[in-house]
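Here's what Swiss-Prot has on this protein:
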type	residues	note
COMPBIAS	804-819	compositional bias 'Basic and acidic residues'
COMPBIAS	820-834	compositional bias 'Polar residues'
DISULFID	C267-C307	disulfide bond
DISULFID	C658-C664	disulfide bond
DISULFID	C696-C705	disulfide bond
DISULFID	C1087-C1107	disulfide bond
DISULFID	C1451-C1466	disulfide bond
CARBOHYD	N276	N-linked glycosylation site
CARBOHYD	N281	N-linked glycosylation site
CARBOHYD	N309	N-linked glycosylation site
CARBOHYD	N1103	N-linked glycosylation site
CARBOHYD	N1113	N-linked glycosylation site
REGION	801-871	region 'Disordered'
REPEAT	487-758	repeat 'II'
TOPO_DOM	138-141	topological domain 'Extracellular'
TOPO_DOM	197-200	topological domain 'Extracellular'
TOPO_DOM	220-237	topological domain 'Cytoplasmic'
TOPO_DOM	260-338	topological domain 'Extracellular'
TOPO_DOM	560-568	topological domain 'Cytoplasmic'
TOPO_DOM	656-673	topological domain 'Extracellular'
TOPO_DOM	954-961	topological domain 'Extracellular'
TOPO_DOM	991-998	topological domain 'Cytoplasmic'
TOPO_DOM	1041-1055	topological domain 'Cytoplasmic'
TOPO_DOM	1203-1250	topological domain 'Cytoplasmic'
TOPO_DOM	1273-1276	topological domain 'Extracellular'
TOPO_DOM	1505-1682	topological domain 'Cytoplasmic'
TRANSMEM	118-137	transmembrane segment
TRANSMEM	142-167	transmembrane segment
TRANSMEM	179-196	transmembrane segment
TRANSMEM	201-219	transmembrane segment
TRANSMEM	238-259	transmembrane segment
TRANSMEM	531-559	transmembrane segment
TRANSMEM	569-586	transmembrane segment
TRANSMEM	962-990	transmembrane segment
TRANSMEM	1168-1202	transmembrane segment
TRANSMEM	1277-1305	transmembrane segment
TRANSMEM	1342-1362	transmembrane segment
TRANSMEM	1378-1402	transmembrane segment
Amino acid sequence: MLASPEPKGLVPFTKESFELIKQHIAKTHNEDHEEEDLKPTPDLEVGKKLPFIYGNLSQGMVSEPLEDVDPYYYKKKNTFIVLNKNRTIFRFNAASILCTLSPFNCIRRTTIKVLVHPFFQLFILISVLIDCVFMSLTNLPKWRPVLENTLLGIYTFEILVKLFARGVWAGSFSFLGDPWNWLDFSVTVFEVIIRYSPLDFIPTLQTARTLRILKIIPLNQGLKSLVGVLIHCLKQLIGVIILTLFFLSIFSLIGMGLFMGNLKHKCFRWPQENENETLHNRTGNPYYIRETENFYYLEGERYALLCGNRTDAGQCPEGYVCVKAGINPDQGFTNFDSFGWALFALFRLMAQDYPEVLYHQILYASGKVYMIFFVVVSFLFSFYMASLFLGILAMAYEEEKQRVGEISKKIEPKFQQTGKELQEGNETDEAKTIQIEMKKRSPISTDTSLDVLEDATLRHKEELEKSKKICPLYWYKFAKTFLIWNCSPCWLKLKEFVHRIIMAPFTDLFLIICIILNVCFLTLEHYPMSKQTNTLLNIGNLVFIGIFTAEMIFKIIAMHPYGYFQVGWNIFDSMIVFHGLIELCLANVAGMALLRLFRMLRIFKLGKYWPTFQILMWSLSNSWVALKDLVLLLFTFIFFSAAFGMKLFGKNYEEFVCHIDKDCQLPRWHMHDFFHSFLNVFRILCGEWVETLWDCMEVAGQSWCIPFYLMVILIGNLLVLYLFLALVSSFSSCKDVTAEENNEAKNLQLAVARIKKGINYVLLKILCKTQNVPKDTMDHVNEVYVKEDISDHTLSELSNTQDFLKDKEKSSGTEKNATENESQSLIPSPSVSETVPIASGESDIENLDNKEIQSKSGDGGSKEKIKQSSSSECSTVDIAISEEEEMFYGGERSKHLKNGCRRGSSLGQISGASKKGKIWQNIRKTCCKIVENNWFKCFIGLVTLLSTGTLAFEDIYMDQRKTIKILLEYADMIFTYIFILEMLLKWMAYGFKAYFSNGWYRLDFVVVIVFCLSLIGKTREELKPLISMKFLRPLRVLSQFERMKVVVRALIKTTLPTLNVFLVCLMIWLIFSIMGVDLFAGRFYECIDPTSGERFPSSEVMNKSRCESLLFNESMLWENAKMNFDNVGNGFLSLLQVATFNGWITIMNSAIDSVAVNIQPHFEVNIYMYCYFINFIIFGVFLPLSMLITVIIDNFNKHKIKLGGSNIFITVKQRKQYRRLKKLMYEDSQRPVPRPLNKLQGFIFDVVTSQAFNVIVMVLICFQAIAMMIDTDVQSLQMSIALYWINSIFVMLYTMECILKLIAFRCFYFTIAWNIFDFMVVIFSITGLCLPMTVGSYLVPPSLVQLILLSRIIHMLRLGKGPKVFHNLMLPLMLSLPALLNIILLIFLVMFIYAVFGMYNFAYVKKEAGINDVSNFETFGNSMLCLFQVAIFAGWDGMLDAIFNSKWSDCDPDKINPGTQVRGDCGNPSVGIFYFVSYILISWLIIVNMYIVVVMEFLNIASKKKNKTLSEDDFRKFFQVWKRFDPDRTQYIDSSKLSDFAAALDPPLFMAKPNKGQLIALDLPMAVGDRIHCLDILLAFTKRVMGQDVRMEKVVSEIESGFLLANPFKITCEPITTTLKRKQEAVSATIIQRAYKNYRLRRNDKNTSDIHMIDGDRDVHATKEGAYFDKAKEKSPIQSQI
């Protein structure tokens, strides 16, 4: 009998151990083993380092076969491991390979040693990198074939080594068992065939060599495991991808029905009556309509002007008519003429790539009414899909993070135990070390103890001690001798004197002032700059270099060189000083101007005095280190995509370049060489891909370009989004990192405190007229401004303040711990946000209501709490937050205001006992009743909406509409008087103090002032600018509607704490802006040909002087680009366009072509300036965006915790409605229809209510959608007739369905909303089929019927009808819908205000660039169209370009605008910049919070699943399924249906089949007839999910009480047995039956063989079942609880 082998440490793998393992595995296969739950140990996976708990690795164990240390492989798999000298684990199959090579064969052992050797892996990695470098080269050297053959030989040798070491296929860990080896083998085979075959293969196959780049991934274990995680994420995203395709298909079909063929409508030149006869004759020629020169083109446009036949569509100029002719725009690739191109256009809209052009094209061709379609697709649908991807990825990331955390928790005890063992041996080791040292130093003893020297543990300890020393000992002696200056006493006195000066607080204050002044001097550089300014800046630079040099010298004297360079900030300061000195020395050397760029490093000196800056920089560096594998994987993918694109399309761009450029020159964006291909891939990842895809399809075709681009878009965006989530999580976990303790920050605080102390002293002395300031006052000043230490404050604290001081004893300890634990993860902690595991939504809302009542009753105490919870006495941001909270919350307490009315002390101290006093009190009470009356509030709300709505009529046509103008003037007067009256009533009711202490009333007061000023502005001509302040009137809406109040409060809470981080981000942008000024100032000027509007070639015009010399003959223009880097302000604006990817291509083109100041730009002469913009997008956009969103999410979670886990963007009423919404989402609210008694009707009822009938209807809907996809713009008459009859057939089928349901449901048919919807679809479909026969197909297009029928596809999203994955993905959106609607209301209000402001300021701007007939500010509707476009960050650069037309050469300031007195069409650049920048920031902030709301809903669901808590939703789902199994509401189901019922439930109550054993183990009570009660099943399933949870008893009691309330007449039947007992009885009966049969068999020998064959299997099965259920009974925890 063989013993079960157990691994003990590292044991050599021998033939004996091999036989032992084989016998053990064979035995476990034959026996009923108990180790089914055994899984591989994560720390012992292939490629990881062997943990140190397994001891040291002796020399004889390196590269030698060892017994597997993982119990899973040791007991279940026939494997062994091999370790290299780096302790890396390699696992091999122990079976013989190639039928002869056993693990002990010398050939196989040699190949294993080669394979595991670190040098072999390094050699392969170097070979791959060399191959990558040569694959990126366009012009290869002559010796390329030699190198390629050498690399091919290396890869072939590697494959042979792996084959001999691992085997080909059989067993675990074989060569072909690894997918990466499949890739490597396939690429090598392709390369051999292509290289040595005489045939010419397809060029595409030659690109297979680029797959070799991916070989970097398996050579790095971190990359390999990360790819596995991303593949797991992709699996979870499958449902999202399917739903995305579903919605894209629906919108594509709608687009086909609305816009098919419309984009071919163009303005065509049609001969007039007075034109010659020749032209009339030409129009009869069919080729005339195809000639492109007969179309109308706008100036500078490549494609003809689109038009439409609707009144709100684009109109043609005089002499042109709108006809359908020519091809579609954008080289024919933009259209809705077929399903494929419509899908392409919708995908482009969803990705929001260049949407403004498609948006304008459709509105020109079809009309502005279709703006609704774009709002739904570009904003709502795009937002929803992005939220889905982010939510699912966030869930996957958190699951992976939790999995790693659980693994580390399991392994931690082992490491702690090992650490204890090592710690116990420390004393003995130290004693032995001391003995050795004593013997070494003793002159008597020369021998050492051999047994001590041979101690392996002691040697290991000594090696660790040696490794801690960074430098050799002689370097420390050198530093002590030469770098520590303790010379003469005079030097020590001088050093002490310098130390006092340089370390004084005011010295640091002086230095920080110098740093700020230096930054200001850096920002003053501009172009053109006068000589005086240039001289001033140079002198300033010399002064600052001198100051920083003196600081360094004095600190070296005060601290010694050794102490000085021990501080990181001092090393950084010395680098800045050395750079400044080197720059001075090389100032006149040609080519050294780039040294000026390193001046930007001086800005980072602020981090020494700015803790937030310092901590964020540290968090950034730590995050990059932690995420190095993810960054490396992203770079590998970009490199591979660039090389693959270059190999696949490079030759096509060279051969077919004339297809995309009229001059047959390569465009800026192509893939002919590696660098341009790399830039193209980077542009795709930035979201700008459609224009380069058009060019690619022109030169290489659609079959290869579209798959390549889809691959880059999907995989690249997955990597970028995953990196973004990892950064957000990393920043969130780094927020507890404390700032480094430095004296400079403390000294700065002390200096500021002393200055304030002195100022207070002087003020007190002046005010009090005394000689001495009271000591208590001065002590208070010191206590406020002098803090202990800035280093103890975390990132989360520093993000909540603008000052550098922080009081550490202000916040409550409990709340702080809860917040810190919560913010460690993206998922809110359920222990904080959920107090009860069942019906958490209800309990939260109920508790919240109680809290609201308590807060209303104790308002004064709440204000005291606000003051106590202030995180810093000196923090301006915290003060602002507390004031906002007080003004917004305090003003809403009507009780507080009513108390103020009764007191009556704020409007005069009139005694209430006098007659006048009583009259005054009665007046105030009356006013209070009026303003508190609900009807008065509704009236004021209505007047507010009317006064806001009237602003929409004040457009450029108002002067032509005299009646409307007069009505609006009277309305303004009435509204003004009403609001003044309301203000006076509230003054009388509440008093001045109460009124002006409320923030909303202060806002109302400001709006009333605006009303008054606008009326005053109409009276005097010089006061007319006051009228434009009307745009502030809609702000009053905020104070009238609770939903907007809630959103504004939430935005203030989540946004104000980010100001400090926002300032840090601005500093990063400032660095890039100053760099841009140094690189590009004055270099964006170019000589423009006025006739063509294009730039002159540099070969014709070399510089500015040449251009000006041509100016005398022709009107040549030496113009500057509107977006430039001539100063820091322009640099910020240009960087904002790059950050929003609007106009960034134009800016980069100007930078790439720039040569020097006053030199004509040349095409791509400075191409590597792309690196500047790439670095800005990474370090100036991506990373700061991650930091900002991290802080916003942290504050979102903090305030959500304060509200008990409720959403901070919904009102109290909406929180109650939230429960109802969840109930609607989880259950079907319709009442069941009774089954008819008639047999025929009953049969039809059973048919239409069956699941099969529902499936058939869904299939019909899908087939009908597929039939619509066949339709095209240009198709044969036969196809049109066939599609007509197909639509008719579907209409008949849906009519039959409607008739069958009418027969089955009778009058109950119309009680179901979905049936009414289907009935209306049938009616409209029949009408749509019949109308064309009477009124013609022009008035009723055939697509109308198709769109009506398509509306039925919404059934796919129904709960319980469509796919379950759709419901799960729609759930978070629907649950967050109330909050989203509130936020959308605020967005609409912001758009309304900005639309009115735009009409007042930009209505008459010249139509150019982004301002055209569709997008302009002439009317309110057009302004809203523009602002919607800007809200999705599309095309605002073009609008700003048009507004920048303020010079006489660009616009006409005296132009007469018909119908109005306004003159000119010039813009106002400063107002335009403020307008667009502010709107972009506000809309970005609001939209980011929209994303956070939906993503947090996803994570809340994930949090509940993770913690195995059962919510009310889970129980609703349970009873919903129960209705299907118990339609008669008996509260019982048959035990035979229990298995199906458990499998039909949703997780976590779900039990997958086979589940009979688990159900029997639950030991459920059974009544007569083998029936089981609903409550018993629910309780048992709940206990199975929650286990031994401490909340179990409370949950059970709530379930029982809730069930009794819902079912007061419980049908009770006494249980007669249980499921476990019934199974035991059945097993016992089987055993008795088997014994009796055996007895009969022994007596009847003739029938033994036949009966034995029948019953033998039954005996074995019964025995196993009996053993299983005996074991289940012993182990069942639920049975013991019952």
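Even glycines carry a Cβ here, placed using N, Cα and C.
Computed from a predicted structure; not experimentally measured.
Counting same-chain residues at least six beyond the ends of the topological domain 'Extracellular' (656-673), those with a Cβ under 8 angstroms from any Cβ of the stretch are 138, 642, 645-646, 648-650, 679-680, 683, 691-692, 695-696, 698-700, 1149, 1152, 1164. In this structure the C-alpha atoms belonging to C658 (disulfide bond) and N1103 (N-linked glycosylation site) are separated by 30 Å. For the repeat 'II' (487-758), the model's pLDDT averages out at 87. For C696 (disulfide bond), the same-chain residues 6+ apart in sequence whose C-beta sits under 8 angstroms from its C-beta are F649, M671, C705, F708, Y709. The secondary structure of C1087 (disulfide bond), as reduced to three states from DSSP, is extended strand.
Working note on the glycosylation sites N309, N1103: by count of other C-beta atoms within 10 Å of each C-beta, N1103 ranks first.
Across the structure, N1103 (N-linked glycosylation site) and C307 (disulfide bond) are spaced 43 Å apart at their Cα atoms. Neighbours of C1087 (disulfide bond), defined as other CB atoms within 10 A of its CB across all chains, total 24.
Through the fold, the topological domain 'Extracellular' (954-961) approaches residues 968, 1030, 1396, 1399-1400, 1403-1404, 1418-1420, 1457, 1459-1462 of its own chain, all at least 6 residues removed from its boundaries and within a Cβ separation under 8 Å. C664 (disulfide bond) sits 23 Å from C1087 (disulfide bond), taking the Cα positions as reference. Residues in the topological domain 'Cytoplasmic' (1041-1055) partition by DSSP class (helix H, G, I; strand E, B; coil) as 14 helix, 0 strand, 1 coil. Most Cβ neighbours within 10 Å among the disulfide-bonded residues C1107, C1451: this distinction goes to C1107. C307 (disulfide bond) carries neither a helix nor a strand DSSP state and counts as coil. Here the candidates are the disulfide-bonded residues C267, C1087, C1107, C1466, and by Cα distance the one nearest N309 (N-linked glycosylation site) turns out to be C267. Counting residues of the topological domain 'Extracellular' (138-141) by DSSP class, helix then strand then coil, yields 0 helix, 0 strand, 4 coil. Just so you know, of the disulfide-bonded residues C307, C658, C705, C1466, the Cβ with the fewest other Cβ atoms around it within 10 Å is the one at C658.
Taking the Cβ of C267 (disulfide bond) as reference, residues of its chain lying under 8 Å away and at least six apart in sequence are, in sequence order, F295, Y296, A304, L305, L306, C307, C316, P317, Y320, V321, C322.
For the recorded site, C658 (disulfide bond), the DSSP three-state label reads helix.
C664 (disulfide bond) has a Cβ environment of 10 other Cβ atoms inside 10 Å. The two recorded residues, C1466 (disulfide bond) and C1087 (disulfide bond), show a Cα separation of 23 Å. Outside the topological domain 'Extracellular' (1273-1276), and at least 6 residues removed from its termini, the chain residues within Cβ reach (under 8 Å) are 260-261, 264, 335, 337-338. The two recorded residues, C1087 (disulfide bond) and C1451 (disulfide bond), have Cα atoms 19 Å apart.
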